[in-house]
Amino acid sequence: MAPKAEKKPASKAPAEKKPAAKKTATSGTKKRSKTRKETYSSYIYKVLKQTHPDTGISQKAMSIMNSFVNDIFERIAGEASKLAAYNKKSTISAREIQTAVRLILPGELAKHAVSEGTRAVTKYSSAAN
């Protein structure tokens with residue numbers, strides 16, 4: 001039987017950090033790109049310019065609007081999902097979305113949202129043909 005090599009106990013001192021080598025674009029290594037954050041900012045800005053062409057929006061206000069759109073989207077999607085489950089359907093259709101909007105948004109706001117949504121779906125359907 002061959003003798004076993006002795007193992008040195010691990011030193012408790014952290015390993016010395018070497019300065020990172022500078023990488024250039026010509027070295028062939030890919031630079032890590034930033035992860036893309038999806039927001040509704042461009043769409044919010046377009047709607048703002050349609051309604052108030054001479055008005056701007058701050059970054060903080062845009063962030064608030066983006067959070068608002070995400071919140072409403074999640075509420076409607078959640079309610080539509082429940083409605084589909086109640087009716088034993090695995091697909092959320094325009095009908096579930098419309099009913100969810102009526103349940104979530106109050107009074108006149110729901111009526112306007114439903115009419116605008118119907119108009120958008122009609123426009124999309126006619127463009128698809």
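The backbone N, Cα and C atoms fix where each Cβ goes, and this holds for glycine too.
Here's what Swiss-Prot has on this protein:
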- 1-19: compositional bias 'Basic and acidic residues' (COMPBIAS)
- LYS7: SUMO cross-link (CROSSLNK)
- LYS8: SUMO cross-link (CROSSLNK)
- LYS17: SUMO cross-link (CROSSLNK)
- LYS18: SUMO cross-link (CROSSLNK)
- LYS123: ubiquitin cross-link (CROSSLNK)
- LYS7: N6-acetyllysine (MOD_RES)
- LYS8: N6-acetyllysine (MOD_RES)
- SER11: phosphoserine (MOD_RES)
- LYS12: N6-acetyllysine (MOD_RES)
- LYS17: N6-acetyllysine (MOD_RES)
- 1-38: region 'Disordered' (REGION)
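The number of other Cβ atoms within 10 Å of the Cβ belonging to LYS123 (ubiquitin cross-link), over all protein chains shown, comes to 10.
DSSP assigns the residue listed as 'ubiquitin cross-link' to a helical segment in the three-state reduction.
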